[in-house]
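**Student:** Below is the structure I would like to discuss, written out as structure tokens.
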């Protein structure tokens, strides 16, 4: 065999191996699980809770055949995956697709592009993501290498919430009554509540490590409604990635992680191997609302330890910040910096300013269970988003179907007031119900300022997630954003801001983010506290096609779930 032919053979083999499409099958069905002394049926993927881990290399394309064998509708979202030109597989129900109905299938095409580390997948239909979720491990494509030392082992950690009741009943009740949803009964680590909860001595996550080894923790906060503090006793964590992108390493004794966020952390097993160490997670909650203030516990022990590997109260417990310690929560958030500097767009094409608020809607005879007999709601720029119920927005946009949505989402708050004042006029609390989107030209550099308000209860934190893009968090602040300032960039970090897809707006504060609208399609933005999403704290961005063929939405798949008008 000639050298030239052999080299051509090797090149062809390399290209073939790098173009193989990976196929997965996700079968969604109800499976009984017992926790906290009671048994209930939960939605699962492949009968697993949490769901299976997907492993890809940067730039891969995978196909996931979702088979709905459950009794309710389902969709899947690939959180943190930008899906270039492919909104058809993004997943939010009635935003980019109609649901996969019981007995039906849909083949998702998931296109990875700029994602480097850990992202995740979850259901995106009602509150089905409570148990339908899992991690996605992204690896560098050779010859690329990691910008931090390679760990000896990888550890998936999914933080979540557990209700003893059927989650469908929880949702149906608070939607029907207009009140707040019942808080969860437990927090979980990889689905395990931990031994502090009833009937959970054997339902505790246990991590065994070897002295001198390094472990890469790939973590997501999959909780429905709670930002969380997390720590491991006597062990520091080196945070190396956030939301699928590398960051400047942060050495931390605790981390704060909001629903939807992912973190990669290096854990060095460098403590006394004869001791037992506990990991713990509990809520960060700055607002005046009911919440689950319990603590979930996991166990870390060393392989050489002679101690029994069972739950006990004799080990070392971590120190976590107090539940309402805002300085601790945002002290961690603001340490996150992009590993590579100088990439944030300096000049912007468009500035959009929106408020995010909790609201009230009046009920006849004050018959609802919100404050003063009202119905709780939520809004962006005083519009409480109404999700379509028959045709999804992407289909309506692509096929020019009228009457599904409007295009009048305001670029500026419709009313200017002291957004963070202690006492607000009652008339400000009532939102407008509508399905309004914001249309953006391809290639525009968008600055989006999100301002929290103190309406109804004094304000809350809001982890805001944008589909289809990662964005630079160029500013974070407390109080009112100066909306009259012509050029606020002098107060921004335009050097190494974090590059994320989910960022928390502080209670009675604001964030400023920037992104380039170079991904045509229909893209959802919403609060990742699911009660707020259910109440309407959402908006849709439609990014128009560019001029070139590679700047236009891909054609729809043949097996897209049908809509029923």
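Positions of Cβ are set from backbone N, Cα and C atoms, glycine also.
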**Student:** 124, 467 bind Cu cation 3 in Swiss-Prot, but which of 153, 526 does that record place at the same site?
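**Tutor:** When Swiss-Prot describes the Cu cation 3 site, the candidate it includes is 526.
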**Student:** Which of these, 400, 462, does Swiss-Prot say binds Cu cation 4 at the same site as 527, 532, 537?
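**Tutor:** So, going by the record in Swiss-Prot, that would be 462.
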**Student:** Show, in sequence order, which residues other than 462, 527, 532, 537 on the same chain lie with their Cβ within 8 Å of the centre of the Cβ atoms of the Cu cation 4 site.
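**Tutor:** Same chain, not in 462, 527, 532, 537, Cβ within 8 Å: 356, 378, 460, 463, 464, 526, 528, 529, 533, 535, 538.
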**Student:** Translate the DSSP assignment of residue 372 (N-linked glycosylation site) into the three-state scheme.
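**Tutor:** The residue in question, residue 372 (N-linked glycosylation site), is helix (DSSP, three-state).
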**Student:** Indicate the candidate from 73, 234, 382, 482 with the smallest number of other Cβ atoms within 10 Å of its Cβ, considering only these glycosylation sites.
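**Tutor:** Among the glycosylation sites 73, 234, 382, 482, the lowest count of other Cβ atoms within 10 Å belongs to 482.
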**Student:** Is it possible to get the count of other C-beta atoms within 10 angstroms of the C-beta of residue 528 (Cu cation 2 binding site)?
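**Tutor:** I get 25 for this one.
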**Student:** Between residue 526 (Cu cation 3 binding site) and residue 462 (Cu cation 4 binding site), find the distance joining the two CA atoms and give it rounded to the nearest Å.
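**Tutor:** Roughly 9 Å, rounded to the nearest whole number.
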**Student:** Measuring C-alpha to C-alpha, could you say which of the recorded positions 77, 324, 465, 482 are within 10 Å of residue 124 (Cu cation 3 binding site)?
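**Tutor:** The recorded positions close to residue 124 (Cu cation 3 binding site) (Cα within 10 Å), listed in sequence order, are 77.
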**Student:** Roughly how many Å lie between the Cα atoms of residue 467 (Cu cation 3 binding site) and residue 79 (Cu cation 2 binding site), rounded to a whole value?
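**Tutor:** It is 7 Å, counting Cα to Cα.
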